[in-house]
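Asker: Before we start, here is the structure in question, set down as structure tokens.
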């Protein structure tokens, strides 16, 4: 009997071993990380005169987020292939899981995709591990980049926003160019003109006024024929995305910082006394005139409430309002106007922004073809076409912003162009670049929710600062 | 008289539960029939349209929903079939023979059902990339064994245990081999159980979210992840998500209707028969 | 020898498959001994440091507590409701026979979709639930806005999806109960409550317990419902362990640390399952004659 047991045990061990062995050898140590960075840029290998057809016959793989800008890009891909002879294969995923996909894919160290969409904040997470190609050498190489690309045509703050030295706390605009701005969003106030007219209201010029205004709408609009309408829609869910639109914009307009940087060391500043006071005021505004069930609000809820005439105002990306305002999109279309939003200390209109950028995988085997794609996708020709014939609004290029056909198209939206022109020079990334951005802003959103729920702002924000001090260095 | 009143009360309670259970589904049907611009402006009065379904099935939002649908079918059927092929013998063996370590083995199998998906997802991602299993049917069928195999082994094991061994012994005496006794005697008797547990396993595989979310891309992505795609873009299109979700209910529903008569009877596993 | 090996041979395919699944678990476990993260693609061995960090974090204990609350709440509510529904259906009234056919429907909606639809329905501004409750003066309820509300709402969605699972298993049990003890009780003139407590419930219990085990274990590792409904908020009110692990491992790219969370969760689930399954075996044996 005993021997049987031994036999069986040995058998089991063998069976387990047999199953695992091939996998073990296939996997090595099992980490997905990189195999060392190479010196020098592949851009240096491109010599001679610039030629769009240089890489014809190649196929480039792109990972794209579902977005109207993407729709415009996909619609125009034929002209890219005609121009270069390069085919583009692409996968499109919705925003909810796009970044999970991209992050996991990049972290595996594989070049599944040559080019992809990302935001400026992602550069802070993807740049330091060496996942992103520095595009600077490509831009500077006249053999790789055609003269018509015209770097000076970009709004300079946008180009700078994707430029970083990969050191926590180091200002943007220095170091490598880890992505190119392609489409962007400023965070401003959009409002329902109908309710403003009926109640005789004017857009707020200061934050106190905005709070008043939001409270007034919540109080008076339902009685004036706007069933269930409240004052102002802002995001409130437990996500990093809650912080960066309206909240960060108003925070920056009040001259507040997320971190202070001293000799390369970051100190959380969300608990400075001014920041505590402002955060309390923000939570107070939400309570007086914000959406019910605010803590579940993502941009879906915010923008659909504006469209459904449930929100009198929206303090969020201008695009979130724009896509409710276009003809036939929602009950509120034709009744949405734009305003830069309240001014901060000393009349500041500092505005935070989101930039849909295009980046290149540092592991790509087709960098030269990928660069031609990025060059085309951020070039004047495509961007103008997609702005005029599609919904690629908020141009990253001055030439498109000034284009008569584009302006004509946008003119029917009251205040849109004026607002854009007012804030564009003061719009930049208002956060301090550092790799733990997503952790920091997610915790920040959770803290905001707790303050809104009635906890003391001082102690909650002190706790947040303590927690972050250990993580961000 | 009192008994009848109680009966009505019972029916009323049942109806109450079913209102709770069915209302969200009814609401999904309503959402799926709404035109995009009336999604939030009205509740029950709207001009119904099949555009939502047309968009979803016509792939016209740039989302290849039909392909996701086929993927879900292949992957779920494959996962259940594989689990049955390897799970039934295991369940039978552990029910018929009390052998050393059988309890522990069975428990280990069951414990995978309860393992957090995120424990394996990153190692699996790295592994799949290296083995070329990322975004493939094989990769999905493999990982879904975590969902389907323990369920099938555990439920079928109680089922076989419930079956009196005398029947097979009689068959052996009649000159059947063990194999024949299993296939010709035991298996037909547990058919209702197989039908019912396959349905449950199929539903759980079909509805799984985390594995396809991370381990597939465009080629092998399933409907659960695919239905969410309609929320992105310029505006959240709940009508399309609802339509996609309802379309994706069709296969499990058809399966359930086909084996309806087995479903409850089939799950009468375990013992308690005297 | 031949006979002794047969059961193992029959189990081998399942075992091989299990090893295939086991491998990534082993790899995951191995990862947790390092400080593997996006900022450290060439990690160093840190032994058990990840685990000591987990256990000394307030966030972990909060998540563990929330997870237990969620799992106990959901499993309890589903058991009570599921058994009640099964008992009511077992009477086979006309209404019951019709409704039984559609009992399984909610189980067919993927939980993540169910949570999204529920979220939309519960949105006070445009959601249908508040609209319908308005005549009763409940139009302004903010379902997910308080810690308790968010937790209860998440549990409610879980209950919506999985009650049919418990009900079906319980109904299957009820249908297979032997008739004779009930007939005897009826002859003795036993009341409904007595029959239920002394006969139905004890005999039904093994069936129900299987369902409870599956539900309790599954809700300890809940992810999709909360991911879609509350994202863990407000504050840290619904940050269950898998959400925390997801944030750490995927969103913040601290792979080793994130996986450590799930390993701890797995250990908890494993222990809980062991206790429950032992108990199940005991009462199954008690309830049945062992066949060999």
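Keep in mind that glycine also has a Cβ here, set from the backbone N, Cα and C atoms.
Where the annotation comes from TrEMBL, it is an automatic prediction and has not been curated.
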Asker: Select from C:42-61, C:102-121 the stretch of residues annotated by TrEMBL as transmembrane segment.
Answerer: C:102-121
Asker: I'm validating the feature mapping. Which of C:199-217, C:218-236 is tagged transmembrane segment in TrEMBL?
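Answerer: Checking TrEMBL against the ranges C:199-217, C:218-236, the transmembrane segment one is C:199-217.
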Asker: Out of C:68-90, C:199-217, C:255-277, what stretch is closest in contact terms to the transmembrane segment (C:7-31), meaning most Cβ pairs under 8 angstroms?
Answerer: C:255-277
Asker: Sequence-remote contacts (6 or more beyond its ends) of the transmembrane segment (C:199-217), Cβ cut-off under 8 Å?
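Answerer: Those are 71-72, 74-75, 78-79, 82-83, 87, 162, 165-166, 169-170, 172-174, 177, 181-182, 185, 269, 272-273, 276-277, 279-280, 283-284, 287, in sequence order.
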Asker: For the transmembrane segment (C:159-178), find every same-chain residue at least 6 residues outside the stretch whose CB is under 8 Å from a CB in it, and list them.
Answerer: 74, 77-79, 81-83, 85-87, 89-90, 100, 103-107, 109, 111, 114, 118, 200, 203-204, 206-208, 210-212, 214-215, 218-219, 225
